[in-house]
Amino acid sequence: MARRAEPPDGGWGWMVVLSAFFQSALVFGVLRSFGVFFVEFVATFEEQAARVSWIASIGIAVQQFGSECCAWVRWPTTLGKEGIWEPEEGKAKGREDAEGGRRRPPRRTPSNSPGPIGSALSTKLGPRPVVMTGGILAALGMLLASFATSLTHLYLSIGLLSGSGWALTFTPTLACLSRYFSRRRSLAMGLALTGVGLSSFAFAPLFQWLINNYAWRGALLLVSALSLHLMACGALLRPLSLTEDTSVGGPGAQLTSLLHHGPFLRYTIALTLINTGYFIPYVHLVAHLQDLGWDPLPAAFLLSVAAISDLVGRVASGWLGDAVPGPVARLLMLWTTLTGVSLALFPVAQAPTTLVFLAVAYGFTSGALTPVAFSVLPELVGTARIYCGLGLVQMVESIGGLLGAPLSGYLRDVTGNYMASFMVAGAFLLAGSGVLITLPHFFSCISASTSRPQDLVIEAPETKIPLPKEEGLGED
């Protein structure tokens, strides 16, 4: 495959945007609308809110944790001369020793070493079959969940199986998208992720209507059929090779460099804190409104109102991310702070008009932070390391996704209402915005991607791998 010197900022990238649009709809649109099933599960299995909350939390955590394995689907590389990583295609199995004329076997690298799923995917598969396989797993999990007779069955089917399918679809697509765009990356991300807002608007009342007419088991069968469309999304992916790919090292070298990169680690901590509180309204807002006396359908419709505002926020934030000078991290901090404030105010509101206003505010700001969150990462690590970087971020932030909803449910069980749940969720986002202030060039007037970070040389077994100046990782 021919290598391009830089991202094309268009071309087939727009088809990847279309694929990401539908994938985000079918993954996070379903997750965000799962609150309508939450009430049904509590009533059917007669369990506490904290135990039922683990269903969505396990799904979110598996989706994010599993992304680290599937994020390495682009790196069938082997170590070449002078410690430079080269494509496997066309390389001889042995190599002439420059000094002694002896042939030596190829060195064992992170991509050809025996290892778990990540190594197998990186050497044998590409993003297209991986994403299509994820669609099958996501649909199969929902199908099996419709026959569940206990919460354990739902933990395994929706949480583990569907979560694994979501892991194989979402992150590889966004990483592929990041490689197709540079100048218009934030806009492309914003357009791709509007699928979450549109599907959340449609799915919340749709799922409630399906539950009213077919019960929750029949509704899950139809959600399973929807999830199969992820296979078509995967068929649209076309990997893009860039010239810088051979100079940044394989997965092991990239992972080592990222783990020694202070700004990347702080960014990961910030997103983990944000992720802990981010999904709380989509799991517990419907139940909170029903505690206030709302009927199920109007409560589900309020999620749709937030979803429409979310859609507008994603497009507006994507445009601002490319148009406003300065680092994108500043916009991310702004939207995160406003999202945390709106979450903390939810339990204070009682009047329907106030609740609708807060739903609109939360939808806009939480939607706005998503595209810029994914746009900050290439500024920190470069496009050549985006697969490994995004996978590592998603793996670590899965801790927040796993613990957030159960913690909220536990606080509801202890206090008898959701006041503490929403306030603690808002506090997590505010803490994450505080960490974002520590990122490099935060107060600069130029984008972080235009600065010249210091070179970073990482020691790997028997070799040194210099990272390129143009997008090398800066030291703390």
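For all residues, glycine too, the Cβ spot is worked out from N, Cα and C.
TrEMBL annotations:
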TRANSMEM  12-31  transmembrane segment
DOMAIN    21-444  domain 'Major facilitator superfamily (MFS) profile'
REGION    84-124  region 'Disordered'
COMPBIAS  88-102  compositional bias 'Basic and acidic residues'
TRANSMEM  130-148  transmembrane segment
TRANSMEM  154-175  transmembrane segment
TRANSMEM  187-208  transmembrane segment
TRANSMEM  214-237  transmembrane segment
TRANSMEM  264-285  transmembrane segment
TRANSMEM  297-316  transmembrane segment
TRANSMEM  328-349  transmembrane segment
TRANSMEM  355-374  transmembrane segment
TRANSMEM  386-407  transmembrane segment
TRANSMEM  419-443  transmembrane segment
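Between the transmembrane segment (386-407) and the transmembrane segment (264-285), three or more CB pairs separated by 6 or more residues in sequence fall under 8 Å, so the two stretches touch. Each residue in the domain 'Major facilitator superfamily (MFS) profile' (21-444) has a pLDDT score, and their mean in this model is 79.
Same-chain residues lying 6 or more positions outside the transmembrane segment (297-316) and placing a CB less than 8 Å from one of its CB atoms are 32-33, 35-36, 190-191, 193-194, 196-202, 204-205, 207-209, 212, 281-282, 285-286, 289-290, 335, 355-356, 359-368, 370-371.
Residues 174, 178, 186, 189-190, 192-193, 196-197, 271, 274, 278, 281, 285, 289, 302-303, 305-314, 316-318, 321, 328-329, 331-332, 335-336, 338-339, 342-343, 345-346, 349, 390 of the same chain lie 6+ residues outside the transmembrane segment (355-374) yet bring a C-beta within less than 8 angstroms of a C-beta in it. In this chain, the transmembrane segment (328-349) does not touch the transmembrane segment (12-31); fewer than three CB pairs sit within less than 8 A of each other, excluding pairs fewer than 6 residues apart.
Tertiary neighbourhood of the transmembrane segment (328-349): same-chain residues 186, 267, 274, 277-278, 280-281, 285, 288, 313, 317, 320-321, 355, 358, 361-362, 365-366, 368-369, 372-373, 375-376, 379, 417-423, 425-430, 432-433, 436-437, 439, 441-442, 447-448, selected by CB-CB distance under 8 Å and a gap of 6+ residues from either end.
Sequence-distant contacts of the transmembrane segment (187-208), counting only residues of its own chain at least 6 positions beyond either end whose CB sits under 8 Å from a CB of the stretch, comprise 13, 17, 20-26, 28-30, 32-33, 35-37, 174, 177-178, 180-181, 219, 223, 282, 296-297, 300-301, 303-304, 306-319, 321-322, 363, 367, 370-372, 374-375.
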